[in-house]
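Per TrEMBL, the features are:
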{"type": "TRANSMEM", "residues": "77-103", "note": "transmembrane segment"}
{"type": "DOMAIN", "residues": "95-370", "note": "domain 'G-protein coupled receptors family 1 profile'"}
{"type": "TRANSMEM", "residues": "115-137", "note": "transmembrane segment"}
{"type": "TRANSMEM", "residues": "157-179", "note": "transmembrane segment"}
{"type": "TRANSMEM", "residues": "199-224", "note": "transmembrane segment"}
{"type": "TRANSMEM", "residues": "244-272", "note": "transmembrane segment"}
{"type": "TRANSMEM", "residues": "309-327", "note": "transmembrane segment"}
{"type": "TRANSMEM", "residues": "347-373", "note": "transmembrane segment"}
Amino acid sequence: MYKPDMERTIFEEMLNRNCSELQILTLSPDPSYRMLYKDLCNSSDDNETSNYSLPVEFYMTRGQVITELLGPRTSPFFVPVLAIYLLIFVTGVVGNFLTCIVISRHRLMRTPTNFYLFSLAVSDLLVLVLGMPLELYEMWENYPSLFGEGGCYFKTMLFETVCFASVLNVTALSVERYIAVVHPLKARWLVTRTHARRVIACLWVASVCCSVPNTSLHGIHYLRSPLGEPYEESTICIVTQPRWIYNVVVQLTALLFFLVPMATISVLYLLIGRQLRREKSLAVPHECEGRGTFGNQRIRTNRSKCRQVTKMLYVLVIVFGICWAPFHTDRLVWSFVHRWTADSHGMFQCVHLVSGVFFYLSSVVNPVIYNLLSTRFRDMFREVMCRRRAPRDLRRFAARDGPWVTGEAARGRSATTTAAATTAAAAAAAACVEVVGKIDAKRFSCSSGGTRDEAETSLN
């Protein structure tokens, strides 16, 4: 049986040896590890030599030592966070799954815009089905790390890939909307289903590749006994490389995959809004309504639908930015703060919890937006859930939208229907020109360009 002095010597030797091991905890995004290292080893800087001051409670078991060094196994916020996450999980999985079914099952919903929404739904499903359970497990069992080093790499790469894929999907969707509204002639060969598939495949490959740097910085770390034996039950997944490298990666990620895309998207939607206002001001005068009424009515309807689609996507982008801002704020705060106090640590804990909730909330709001702002999505959701046929006007849509839907020849559609629609539009345009007189060609092209928006009527 050990005497107190021998017990004290063994414990002191263990902690003195582990101070060099604990220094790696300062690389963790969780500042509690950093504070623990400083408290136990009296270190004021990451590179200082450890100088441990033995606490009063030096009679500890192996489990108590691990708890003292790494903190409690279960997060004190586990129960309330679990309740919120379960609600988000059920709502998000059902909503995004219905979105995928609606777009894949109904041919008239397979437009380039909806392909990007489908990709975004897949991204949301991945983070909800695979990412959320892993995070909940870590909150319930902080250590040892689940699935070891492989699980550590998988979780890091999953979250990084989803982060990049989501913002790239929204950016590509905004670019596609800009081309369709501002450059309708280019949309004939750029806004197509084939082009959308290629872009989506490229952005997913790019997302996986861009997730490699941050993933490679992570790894498994564990405490060791005085004899060098690893404590397997103490394994944690943290940053194992020099902190400055991780800081650079985090800051570049926030710049290239959040700030720059959001700025680009904002500019694009400003240009889209200006173009829509210009088209509204250049609308065909009321004298045209006497002749070619059917053609003018159809143009006005398509233009109205275009504005509705743009409004829906505009709201989607705003909500996307709000939901992802706390996530990047959380990482940037840890990246720039090097000296933690009790107040800064408490602030960071709040930011960390809020960022987690908003991160997963971004995977839920998209289907809600579709239901609130898109009549067609709402009808399709109702059809899938109630197992009934779509309304008659939805079924007629497939025979009504010509090759303008995707900019490529609509497969399986009647050439007679397409020709009739084109002839009607041309007749209406000719009648309008005859009445109005000398109307600027560019102005008229803006007025009659509503047919380009039939590509997006499946959203309304």
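A Cβ is built for glycine as well, from the same backbone N, Cα and C atoms used for every other residue.
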To the transmembrane segment (77-103), which of 199-224, 244-272, 309-327, 347-373 is linked by the most Cβ pairs under 8 Å? 347-373
Range from 115-137, 199-224, 244-272, 347-373 with the greatest count of C-beta pairs under 8 A to the transmembrane segment (157-179): 199-224
Given a Cβ distance threshold of under 8 angstroms, which distant residues of the chain, six or more beyond its ends, lie next to the transmembrane segment (115-137)? 78, 81-82, 85, 88-89, 92-93, 96-97, 99-100, 103-104, 146, 151, 155, 158-159, 162, 165-166, 169-170, 172-173, 176, 193, 196-197, 200, 203-204, 356, 359-360, 362-364, 366-367, 370
